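Summarising the annotation, TrEMBL assigns domain 'Major facilitator superfamily (MFS) profile' to 1-452. Per TrEMBL, the feature transmembrane segment maps to 20-43, 63-85, 92-110, 116-138, 150-168, 174-195, 263-289, 301-323, 330-351, 363-385, 397-414, 426-448.
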Amino acid sequence: MTVANSVKLSSDSTKFYQLFSVLSVCYLCISCGNFLGYTSTALPSMEEDEESFEELTKHDKSWIGGLGPLGALFGSTLVLIPLRFFGPRRTIAFFGCPAILCSWSFIGFADDILMIFVGRFLGGLGTGVIIPCSSLFVVDIASVELRGKLGILPQFLMILGILISYVLGSFLSWRILALACCTIAGPSIILLLLAPDTPSWLVSKDRCDDAYEILEKLLGSHAASARLRDVRDNWDISQQRKESQMVGIRKQRLNKPMIKASAVALGVLSFQQLTGINGVTFYALSIFQQSAGESSLNPHIHIPSIILATTQLCASFTSTLIVERAGRRILLLISTLMISIAGSILGIYFYCGTGYPFLSWVPLAALIMYTFGFAIGLGPITWLIVSEILPEEIRHIMNPLGIAYSWFCVFLVTKSFPLLRHEINIYGIFFMYSAIALIGLVFVALFVPETKGKSIREIREYFSSNPVSRKISAATESTISSDVEAGYIEDEEAEEDATKCLTESA
């Protein structure tokens, strides 16, 4: 065997181990997707189950939808405590996995509405733990070469879980569906035992030899030493930063560039959720029921929901292929525009009435446009933009706050959707989502920078400079990038900065 072939085999084995490790830890994201999509088919099934429930009020339905995101809000906030002691993998194994399994068990064996409330809240807690831990695990485990592709995997698996929930819910009752989802989550117990701990956590526990062994399997012996050195350096820097937090750090946090970056990050997060994607995800079947005037017992009424989830899955995959070519900002602009147009079409359709058989295709077509627009931009790109624009000095504070704020917005949308249907009707809801998306389009156009190909320093300078200096900087940047392409300048510094930042954030 030649040296080139042995290197290739080594490279293939490290990539396989990275993929296996990420899949093992992120597998429970499928169950998180099951959890998010569960209410769409389960609520209509519960309404028709007169033996278990005498009558489900609009408040009961709103709490069944809203308690999940509320639990996720608490889970994503409290997860910071066990993360410090156990690392991402063990935090999922000790807290996220048991919460999800208990959640499905409570719902599957529920005797009354209270047990379903408890199950939904527990599932939310588990989801709030699993999603941020999965993302942190990917950032710490993946090589620079595979980080982009593996980084989208938690979102992809979550949408896959929503699709599975819709498909199973088309022929299973709400109770059997919950037990089926519990079965799907079961293999995660074994997979989490086989996955490695993250190198950053091992270094924080003075287990550098164990960290090197894992990095050797993940990256190969040549890259393992350099990566371990970076991890140790970043750990030392983070410790020094913690020691200096009480000395002048408050002034650092309150400078204008940090405030601007944080405001833009929170703005993008707001539009990601308040445009109503989770209202559609949680109540998709009831939306199609209203448009078609049919019972959930009709198996054909489930087909549009399945098409919707499939569209979202394909769009999220497409986003990973074009994000580095098209750029973040342009995808966000296209996304908000599509959501605004689709929301307006849905609002007009439901306002004019659903008694026109020749227009029965309109709600499905508009919702496909709506979900495709979200999944290609606001869905995956939002978190990428947020992680890139936040300064490292406040990232450790703003990241958990941003996740908690995002879940709070999900709670507002899912809790309010059934109530707003009685107050402003379904057409009012979609007109509202359309208006929010239009405001989001203007916000992105005016305030969100393009971060594609930008170093951490360049992004920081964007928020520090005024509009005139930005144009000068853009012209200079263009000249430098042409020199890089011509081979006159090596762009290693930017790559090192980005790698260091990603490793440190883990």
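Yeah, the Cβs are placed from backbone N, Cα and C, and that goes for glycine too.
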Overall pLDDT for the domain 'Major facilitator superfamily (MFS) profile' (1-452), taken as the rounded mean: 84
Ranked first among 20-43, 92-110, 174-195, 330-351, 397-414 for CB pairs under 8 angstroms with the transmembrane segment (150-168): 20-43
Contact between the transmembrane segment (263-289) and the transmembrane segment (92-110) (at least 3 Cβ pairs under 8 Å, separation 6+): no
Leading stretch by Cβ pairs under 8 Å, where the reference is the transmembrane segment (301-323) and the options are 20-43, 330-351, 363-385: 363-385
